[in-house]
Amino acid sequence: MPPHFLSADSTGQPHRHADRPKRVRTPGEPLRIGVGGPVGSGKTALVAALCRQLRDELSLAVLTNDIYTTEDADFLRRHAVLPDDRIAAVQTGGCPHTAIRDDITANLDAIDDLVAGHDHLDLILVESGGDNLTATFSSGLVDVQIFVVDVAGGDKVPRKGGPGVTFSDLLVINKTDLAPMVGADLDVMRRDSTKVRGERPFVLISLTADPTAGPVLDWVRAQLRVPVQG
């Protein structure tokens with residue numbers, strides 16, 4: 001499937017969809033889960049792990065976002081986590097958050113192509129390009145979102161806050177196996193995550209220790225069980 005590109009209007013400015021209404025999922029539509037977070041936090045590795053665990057029990061597809069390449073989609077194809085036609089890519093050509101929050105047209109077009117190409121999809125994972133702590137998905141694009149940070153950034157990351165850390169439906173603190181090497185205190189990260197997120201869930205994982213991403217997998221399965229209105 002060829003990559004989709006972020007479009008612009010006649011003035012050369014990106015189309016604006018920041019005010020797009022929240023998506024209302026209807027029966028028969030796939031659940032859309034956004035996976036965002038900084039560069040190198042482990043988003044693609046997490047998506048790959050989820051695909052490996054879920055591909056035999058449901059119908060799923062993946063949509064990746066990169067600025068100038070299709071590197072993340074290519075990685076998933078090389079590792080055969082799904083058939084090639086179930087992996088699509090958007091090339092944003094600019095700040096990654098633009099394509100998942102401000103102008104979601106290219107992502108919506110790619111999702112339409114995935115849905116049209118498969119009789120019934122249960123789940124679409126939408127991975128953002130690597131960005132900073134301010135990146136979030138438009139509620140018109142995804143139903144729920146995961147935000148991934150990693151221990152290598154230091155135990156200060158959760159208390160820095162930001163929309164992704166604070167308001168995502170699930171915060172994933174990845175690469176816990178690196179904590180001793182970088183001097184990060186996991187208890188501090190747990191405390192600060194609880195403080196900034198309140199009752200919103202978070203999990204600490206290491207894909208090295210648990211390649212199945214067990215706690216995230218459990219959360220995704222729980223989202224799939226939520227009744228669809230309609």
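Backbone N, Cα and C define each Cβ position, glycine as well.
Per Swiss-Prot, the features are:
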- 1-31: region 'Disordered' (REGION)
- 14-25: compositional bias 'Basic residues' (COMPBIAS)
- Gly37, Pro38, Val39, Gly40, Ser41, Gly42, Lys43, Thr44: GTP binding site (BINDING)
Is Thr44 (GTP binding site) helix, strand or coil when read with DSSP?
helix
What is the Cβ neighbour count of Thr44 (GTP binding site) at a 10 Å cut-off, with all protein chains included?
23
Per DSSP, Pro38 (GTP binding site) is which: helix, strand or coil?
strand
